[in-house]
Each structure stands twice: as C-alpha cells, then as structure tokens.
Amino acid sequence: MKIVSAEVFVTCPGRNFVTLKITTDSGLTGLGDATLNGRELPVASYLNDHVCPQLIGRDAHQIEDIWQYFYKGAYWRRGPVTMSAISAVDMALWDIKAKAANMPLYQLLGGASRTGVMVYCHTTGHSIDEVLDDYAKHRDQGFKAIRVQCGVPGMETTYGMAKGKGLAYEPATKGSLPEEQLWSTEKYLDFTPKLFEAVRDKFGFNEHLLHDMHHRLTPIEAARFGKSVEDYRLFWMEDPTPAENQACFRLIRQHTVTPIAVGEVFNSIWDCKQLIEEQLIDYIRTTITHAGGITGMRRIADFASLYQVRTGSHGPSDLSPICMAAALHFDLWVPNFGVQEYMGYSEQMLEVFPHSWTFDNGYMHPGEKPGLGIEFDEKLAAKYPYDPAYLPVARLEDGTLWNW
C-alpha cells in the first residue's frame, strides 16, 4: 500500500492547528496532528519542505522503518519541530493501518486494558469562591479528577486563570508579540495551600485533585510546596520546576510524598530517561503529538512501566482533536495508564474535526470506528485561516525574566 500524497493544513477554528493528511493508492487516508503551540508555521514548513516529499512512494505499512528514517535521517533530531512532524506522520500511518485492518486503533495495539479512560478537567477562577463554583459545575458533569488553579491575591495574572468569569483558560494571546506577565513565588506559596484547603473542606476527598505549577519554582521551593499540601492529598503536582535540571527532583523527593508529574515539553524517551529510571517522578506527561506519535509513546510507556511510573498525557485544546482521538486509543490500551488531560473543544473546532469519542461520568472512550475514529473537514477548515498567537512570557516583580 503505497503513499501517493501527503498534505499539510494550517487552520484556526478558535486555535491554530497543523494537520497532516496521508493518502494511499488503496484510497485509505490517515490523519496526524503536528500542532506546536505558538510555533505552528515552522512545523508546517518542516513537513512541507522536508518530510512530505520523502513520503511519496513509501509503503504505508512500514511504520517503524518510516519513523526511524525521519528520526535518524534528520541528524538535527529530537527538537520539538522535528518530533512534532514525525509524530504527525506516525499518527497518520497508524490511522491507515487500523483502517486497513478494519478495527479501532486500540484493538490493533493489543486491545483494551480498561473499560474507559479517566480524564481530568480544568477549573479556574479569579478567587477561591469562583473556583469552588467552577469545581462544583465540573463535579456535577461527572469528572472524577479535577485540576484546580486560581488567581493569587496581589498578582494581576496567574498561570491557569481564565481571562473572564465563565471562560475557559486560554494562555495564548493573538497579536505580533507575546503577553508579559508578572510572577511572585512568595505570594503563590502563601496562598495556594489555602485554595486546596477550601476545596477539600467544601467537597471532601471524593475527587482526585491536580495542580500545575508550570515550571515556576526552584527545587527547594517545590519541596516546600509539596510538603505544605500533603494533607490535601493531591493526585499530583505538575512541573514544579524546570525539568532541564533533572537531578533536582531527587531533592524534591527527599522532602515530600506529594506525587510529581513532569514531561509535557519532552520530545523523546531520552528527555525523560533519568527521571523514570531513578523513579524521581510518578507520572510522565509526554504527548503523542510531540513525543514521536504512537510509536514514540509506546517506547516511553513501556520503559516507564518497568519503574511503576504511569502515564498522564498532556492534552489541552492547544493540541487538535486528532491528538485527542489518538491519545484515547493509546490510553485505553496502555497497561500503566494514570490519567488523561481533557479540556474539551469548542463546537467550532469539532465541526472541523468530527469525532467518535464519548464522555460518560468522568471516563472517555475512543469509539469503535476503524482507525482513529476522527475526520477532517477540509472545506470548513479553509474558512478559518491561520491567526498568529503566542504563549506569554513571565517576569518576576523586579523585572527579571522568569519561567512561564
């Protein structure tokens, strides 16, 4: 089954998405997501200029060989642009292979390891009262795992805080330059345990409670944070400190038993090898769109399973519904599954990407359609052209550039 075309689409039905469509001489097509938030055009260019021309004529069934060709053949490898492109190709080829087998992808991977995929949602607010209202709404929808973020008194902007009441959190801003935000670690460390106390006092311990620190703390500050929230039994604290300094997680481990999740910015198994091998984390956050597709994620998950590290894949709506569909198939199969992030998508987005997944009482299922179970409406997508948007940058209150 030969590949006869590979096309790249950049569309913005509310957010910018990069979609790869591979077509074979049998008529079967496959879809892949190559979205890299704020850097969509470089990935699209890499696909168009370097990847798509080299796909033509290749056997679509040779997924592993094609993966190795674009990984080893790149020479300048493992970067986010290269790996996002490889991920999209890999996703599309698995979509084709599962369609050729006339089975949903999770069956081709080895079958279901569970009846549904537990997903966690996002709650947000400018105050604790707003967060409690938002939490109640998501709990009533059936979510069993809920991420909690809140505005911090004395700070105009805080990671995870929606720009208006009732709005979903959207970090990227339209325009030609990134937004600059101010950050105070002391204000954050003083306030955030009070947020978790309020949530547990009102709702108890029935739901899993998650929190994202988004690389903002130093190792000793992260240790202090983890110790301060142990009574509230967080499911995890995410990205407490920049993961480039992987040895520092040993220090955090020595001070707290709050579970740690890391890895949404990782692009390969090499990025997380030390953290997993030394059991410095509990959940690996790599995502199918950035870590080498289904093939790359299988390697990471298999390695992590040796050390009882579970998956907790990054999955906000800055990755397209194609990634979400692929993630749900992967999550349903992978033995060492932990939880899957799910922010939901707007009606506009789902019109461009019709899907077959379902949500019921806190769990999702990818559906039984052959392949990924998702489609792409090219004509509708063309009505939503690329719209430049950038993730913010952060500074301390004295103006020092900090980790966003």
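Every residue, even glycine, has its Cβ placed from backbone N, Cα and C.
Cross-referencing E64, E244, E341, E347 against the substrate binding annotation in Swiss-Prot, which names N37, H122, E264, R285, H314, D318, picks out E341. Site annotation (Swiss-Prot, ligand Mg(2+)) includes D212, E264; from E186, E230, E238, the additional listed residue is E238.
Taking H214 (active site, proton donor/acceptor) as the reference point, the binding-site residues whose C-alpha atoms are within 10 Å of its C-alpha, out of N37, E238, R285, D318, E341, are E238. Take the mean position of the Cβ atoms of N37, H122, E264, R285, H314, D318, E341, the recorded substrate site; other residues of that chain with a Cβ within 8 Å of it are T287, G315, P316, L319.
Comparing C-alpha positions, P316 (site 'Important for activity and substrate specificity') sits nearest to E341 among the binding-site residues N37, R285, E341. With a cut-off of 8 Å between CB atoms and residues at least 6 apart in sequence, the same chain places G263, E264, R285, T286, T287, H290, E341 near H314 (substrate binding site), listed in sequence order.
In the shown protein chains, 20 other C-beta atoms lie within 10 A of the C-beta of H214 (active site, proton donor/acceptor).
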